[in-house]
Amino acid sequence: MEGLCLNLDCSELPNSSWVNSSMENQNHSSNSTRDPLKRNEEVAKVEVTVLALILFLALAGNICVLLGIYINRHKHSRMYFFMKHLSIADLVVAIFQVLPQLIWDITFRFYAPDLVCRLVTYLQVVGMFASTYMLLLMSLDRCLAICQPLRSLHRRSDCVYVLFTWILSFLLSTPQTVIFSLTEVGNGVYDCRADFIQPWGPKAYITWITLAVYIIPVMILSVCYGLISYKIWQNIRLKTVCESNLRLSTSRRATLSRVSSVRLISKAKIRTVKMTFIIVLAYIVCWTPFFFVQMWSVWDPNPPKEASLFIIAMLLGSLNSCCNPWIYMLFTGHLFHDLLQSFLCCSARYLKTQQQGSDLSASRKSNSSTFVLSRKSSSQKSITQPSTA
């Protein structure tokens, strides 16, 4: 996540060189004993291995979810619509954030033109914004579905909201193209690094990214799930009152109908609320260490220099892109089941077609051989038959 380590020289993580290119002069004394052109290869190998595993799980999981939604009969529901776009956002994170970081860790330096450097760091943050805001949109939808169910029954312009989320993600990521560039870090050695003109630049930008991607979304998510929890508590309380009145009511049928309707509202939506809550919890767990370390490194006059701390925080942030699809599978098991059934059905159909093709080919060969033998037999019979003339 070179493009995410805005204040740090992430390409030098393995050898604990954590000073931003714009801050090297004021911190030169603390780095004088380090060689910025070398790294700890053992730590780099571990990081490459973990990133490769995260990339595989993220690609496999999100592709399975998208295929499962495609073949599922409920794919036009609002929840599946948001799940689809959150999976697409996670794929963007995997392809344009985790994969470039993996290649970067393998090569150690950025071996590409300046334009590619700016584009890669830009797309790295696009995926992070899109994934966060798509999760926020999904949670707001669940909040409306629980707190205002009559309003949520009307089909809203979901495509407009999703399109706005993507456009906003692309726009908010544009500063990356200005901040990052191909910079000389040694004698003839170039790397893709951040460069701030003003000394307060890293603090301002890191704080802005943390607010836009983490703090403000988490605050909104907390309000959403606070309202959802309160509404569910009210729902359970009403259900309990109705069930107690059922024993005393003279109009048992009307009360039973009321109890059933309350239970229906709860059962229809509680599962999706649980799923989105677990996704939000995974997001907070994965990204909290990363943003904490980012803010610590720019606001503390004596930031930590331990490479392992920053590497773990970075890898945890990347891990979020492969968590979501497996959470989907856990709460909507029929997605995986439908995908597996479709795969088995297609495989059986393919094998059956192949078998029919081979049987037809064998039948044609058999008929051809029979025809040749009969022709040969008839010709021999005509030769051996005596002439009547």
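Every residue, even glycine, has its Cβ placed from backbone N, Cα and C.
Copied over from Swiss-Prot:
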{"type": "TOPO_DOM", "residues": "1-50", "note": "topological domain 'Extracellular'"}
{"type": "CARBOHYD", "residues": "N15", "note": "N-linked glycosylation site"}
{"type": "CARBOHYD", "residues": "N20", "note": "N-linked glycosylation site"}
{"type": "CARBOHYD", "residues": "N27", "note": "N-linked glycosylation site"}
{"type": "CARBOHYD", "residues": "N31", "note": "N-linked glycosylation site"}
{"type": "TRANSMEM", "residues": "51-71", "note": "transmembrane segment"}
{"type": "TOPO_DOM", "residues": "72-87", "note": "topological domain 'Cytoplasmic'"}
{"type": "TRANSMEM", "residues": "88-108", "note": "transmembrane segment"}
{"type": "TOPO_DOM", "residues": "109-119", "note": "topological domain 'Extracellular'"}
{"type": "DISULFID", "residues": "C117-C192", "note": "disulfide bond"}
{"type": "TRANSMEM", "residues": "120-140", "note": "transmembrane segment"}
{"type": "TOPO_DOM", "residues": "141-159", "note": "topological domain 'Cytoplasmic'"}
{"type": "TRANSMEM", "residues": "160-180", "note": "transmembrane segment"}
{"type": "TOPO_DOM", "residues": "181-207", "note": "topological domain 'Extracellular'"}
{"type": "TRANSMEM", "residues": "208-228", "note": "transmembrane segment"}
{"type": "TOPO_DOM", "residues": "229-275", "note": "topological domain 'Cytoplasmic'"}
{"type": "TRANSMEM", "residues": "276-296", "note": "transmembrane segment"}
{"type": "TOPO_DOM", "residues": "297-308", "note": "topological domain 'Extracellular'"}
{"type": "TRANSMEM", "residues": "309-329", "note": "transmembrane segment"}
{"type": "TOPO_DOM", "residues": "330-389", "note": "topological domain 'Cytoplasmic'"}
{"type": "REGION", "residues": "360-389", "note": "region 'Disordered'"}
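The DSSP breakdown of the topological domain 'Extracellular' (181-207) into helical (H, G, I), extended (E, B) and coil residues amounts to 7 helix, 12 strand, 8 coil. Of the listed disulfide-bonded residues, namely C117, C192, the sparsest CB environment within 10 A is found at C117.
Between the transmembrane segment (208-228) and the transmembrane segment (120-140) there are at least 3 Cβ pairs closer than 8 Å, counting only pairs 6 or more residues apart in sequence, which means the two stretches are in contact. In three-state terms derived from DSSP, C117 (disulfide bond) belongs to a helical segment. Across the topological domain 'Cytoplasmic' (141-159), the prediction's mean pLDDT works out to 72.
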